[in-house]
Amino acid sequence: MLENVRFSSVSLSLSSVSLVDGDGLCSGRVEVKSNQSWASVCEADFDQQDAEVVCGELGCGAPAALQGGLYGEGEEGQTWDKEFQCKGNESLLLDCDTSDRKNNTCLPGNAVGLTCSEPDDVRLVAGGSRCAGVVEWHCQGEWRTVASLGMEWHYQGEWRTVASLGMEALAAVVCRQLGCGSAVSVSGGRTVHWIGVHCSGSEPRLRECTVLDLTVFIWSIGTICSGNNNTL
């Protein structure tokens, strides 16, 4: 019966800043969300310390390129009207101080584009090589075990985990990101220290999958990839 089956509930943490029209989550035109709409940021209102905060907020590496017009223009007229004054140690761009813009308009070609370096944020541990082991993801300053989405069934008066979904797709993405070929073996084990991730299997990097904040502990993911399995 359907009333005896439930999926672990999720909540998504949505950022107020994004990089648009780039090659992935870590590059693109800087856009800021305010009052339910997105606005591009003028190059004159954004500097290296601001870029460090944005890259950190998005979970990317250090800023690698910062240039006006690098990733095109945003929607006409949708330009952030403040100058950011970050110190570089803030967790969120909107935590930074701001001041009134020196110029009233942002000329065409000056919507700031930012490229952050890709972080070394995924690893396989306790498997004897860099291409085998339990999947861990560096998130919020610590390494956390990655879990797949779980399904539970109410049986004999209690909820029990009966399936773990998307393990193969997640393992494929991890092996691809690490340059370890394809996933040749996938296994699961119970854990309470995890971050939930759901992948379609085609993503180039784990951070481009959907991040899920699950309410119950479920299956951690272990994988063996087909690539270099030399013992460290």
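In case you wondered, yes, glycine gets a Cβ from its N, Cα and C as well.
Just so it is clear, the model here is predicted, and its values are computed rather than measured.
As annotated in TrEMBL, Cys116 shares a disulfide bond with Cys55, one of the listed residues Cys42, Cys55, Cys175, Cys180. Cys96 (disulfide bond) sits 14 Å from Cys55 (disulfide bond), taking the Cα positions as reference. When averaged over the domain 'SRCR' (17-117), pLDDT in the model lands at 86. Taking the Cα of Cys55 (disulfide bond) as the reference point, the closest of the disulfide-bonded residues Cys42, Cys86, Cys106, Cys199, Cys209 is Cys86. When DSSP labels each residue, the domain 'SRCR' (17-117) comes out as 16 helix, 42 strand, 43 coil, counted as helix, strand and coil in that order. Of the recorded residues, Cys106 (disulfide bond) and Cys86 (disulfide bond) place their C-alpha atoms 20 Å from one another. The 10 Å shell around the Cβ of Cys55 (disulfide bond) contains 22 further Cβ atoms across the protein chains shown.
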